[in-house]
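Colleague: Starting off with a structure, shown below.
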């Protein structure tokens with residue numbers, strides 16, 4: 001032990017992180033800010049089974065989305081079968097929107113306090129129960145019971161829509177999180193696509209009521225069988241989260257002590273976040289328009305092309321398949337560029353343009369034109385869905401992804417109900433062109449609101465600071481220790497330090513990781529203020 005070490009005493013140890021200071025700017029080659037150099041490094045790992053979790057969730061979401069549209073795309077057939085009017089059949093779709101509003105807060109609480117597995121298990125169970133209830137309703141006098149079965153399935157939807165961004169953050173790395181979120185949304189879109197395509201095939205427009213009831217019963221039993229299989233898969237295979245976090249941002253989120261987290265305080269912070277609230281409104285306008293178009297598509301097509309129920313389903317399929325491609329491309333683009341606001345704004349404007357083109361070409365009398373314009377509309381309008389989720393996570397980190405996604409979807413359901421009812425009334429009185437122009441006005445408003453969103457990418461800031469710090473620490477760590485009025489440097493001048501000789505060779509490794517780990521709790525919140 002050197003004379004300097006003996007003078008300091010045998011009980012010498014590195015100071016706590018709170019006592020560290022920075023070197024003067026001219027004494028360090030690091031370009032990091034103080035808060036960035038003090039960021040705690042955590043062990044991260046990507047697990048192959050993350051893709052299994054995403055696949056199972058996508059199947060569950062697909063099954064539920066199919067049951068949303070299995071009535072609406074053949075609404076004229078169900079209106080005749082149950083002897084009901086257009087508004088009643090529209091409510092079989094709109095019940096999904098209405099149910100979401102009162103149930104989203106308890107489901108978000110469940111997600112934050114019990115975890116993603118419990119939410120997915122409960123949701124898939126409800127989806128299965130609702131599907132089996134509907135198997136007994138293939139009778140003209142059973143509309144009330146089929147509505148109840150649809151209501152149970154709609155409660156399951158509340159356990160779905162906020163999951164993709166949360167699942168992506170829990171399991172996927174920084175360079176794939178947006179793609180994973182897009183795939184999660186894509187599962188829902190695939191269910192909508194099947195909902196557009198399959199019901200017109202399984203339930204043809206026949207005059208014999210008993211034959212029609214048999215076709216409806218077959219469709220309901222297929223839905224119930226698939227929902228049951230998916231429920232079993234969820235219970236057996238689906239997991240809460242990996243042992244090690246996939247990213248530094250997720251690692252920091254895990255370090256928040258449970259006693260420091262307040263569900264209501266989190267919601268209040270989100271409601272006071274102006275950029276996020278602008279996104280909530282603009283997201284609701286865009287997705288609400290998509291819900292209205294999806295619900296009323298059959299009515300719009302049949303008005304101009306009578307007897308084309310099957311092609312109406314195919315047009316809906318075209319919208320969703322194009323949207324699935326758009327979702328995937330947008331997710332990959334975000335992972336590569338991280339241009340959240342720019343991409344969101346461009347896709348929003350293109351959704352508006354696509355809606356205008358669709359509105360003015362629907363009545364031209366050429367179905368192939370409708371297929372093309374509907375595909376363009378779907379590519380951008382559906383491609384917007386994962387963009388909104390991921391942009392919200394960036395604006396609200398480190399708040400729960402489920403909470404931010406839940407508020408986005410709540411806005412979408414509210415506007416979905418309003419737009420579906422209003423557009424339906426406008427179509428009945430003034431025709432499809434007026435109804436679609438009505439939606440275009442609100443897409444324009446949403447585009448303007450998106451332009452005013454301040455792109456404060458908090459999650460990217462944390463991940464970027466960690467990446468830069470890792471390079472800085474491994475190449476030229478300049479950290480200062482202040483203790484008992486003595487100033488010591490861990491950097492290039494190791495031989496002149498007052499550190500024990502035995503620690504000089506490892507001060508920038510062992511000390512850094514142990515001391516930073518002690519002080520990591522809560523530090524990520526302070527970083528966001530810089």
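Heads up, the Cβ atoms here are built off N, Cα and C, so glycines get one too.
Bear in mind that the values here come from a model prediction, so they are computed numbers and not experimental data.
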Colleague: Under TrEMBL, the annotation transmembrane segment belongs to which of these stretches: 10-30, 241-261, 367-387?
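Modeller: Here TrEMBL associates transmembrane segment with the stretch 367-387.
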Colleague: Please find, within the list 407-427, 470-490, the residue stretch that TrEMBL describes as transmembrane segment.
Modeller: 407-427
Colleague: Would you please say which range out of 147-165, 508-526 has the annotation transmembrane segment in TrEMBL?
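Modeller: Within the set 147-165, 508-526, TrEMBL attaches transmembrane segment to 147-165.
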Colleague: Under TrEMBL, which of the candidate ranges 276-294, 295-313 is annotated transmembrane segment?
Modeller: 276-294
Colleague: What residues elsewhere in the chain lie close to the transmembrane segment (177-198), defined as a C-beta under 8 angstroms and at least 6 residues from its ends?
Modeller: 50, 54, 57-70, 73, 160-161, 163-165, 167-169, 171, 219, 246-247, 294, 297, 313-317, 319-321, 323-324, 327-328, 330-332, 334-335, 382, 385-386, 389-390
Colleague: Counting Cβ pairs under 8 Å to the transmembrane segment (276-294), which of 51-71, 118-135, 147-165, 345-361, 367-387 comes out on top?
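Modeller: Looking only at 51-71, 118-135, 147-165, 345-361, 367-387, the most contacts with the transmembrane segment (276-294) come from 367-387.
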Colleague: Look at every Cβ pair spanning the transmembrane segment (407-427) and the transmembrane segment (367-387), keep those 6 or more apart in sequence, and say whether at least 3 of them are under 8 Å.
Modeller: no
Colleague: Which sequence-distant residues neighbour the transmembrane segment (91-111)? Criterion: at least 6 residues beyond either end, Cβ under 8 Å.
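Modeller: Answer is 68-69, 71-72, 78, 118-119, 122, 146-147, 150-151, 153-155, 157-159, 161-163, 166, 263, 267, 291, 294-295, 400, 402-403, 406-407, 409-410, 412-414, 416-417, 420-421.
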Colleague: Using a Cβ-Cβ cut-off of under 8 Å, list the residues of the same chain that are 6+ residues beyond the ends of the transmembrane segment (118-135) and lie near it.
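Modeller: Non-local partners: 57, 60, 63-64, 67, 107, 110-111, 145-146, 148-160, 163, 217, 220-221, 223-224, 226-228, 230-231, 234-235, 238, 402.
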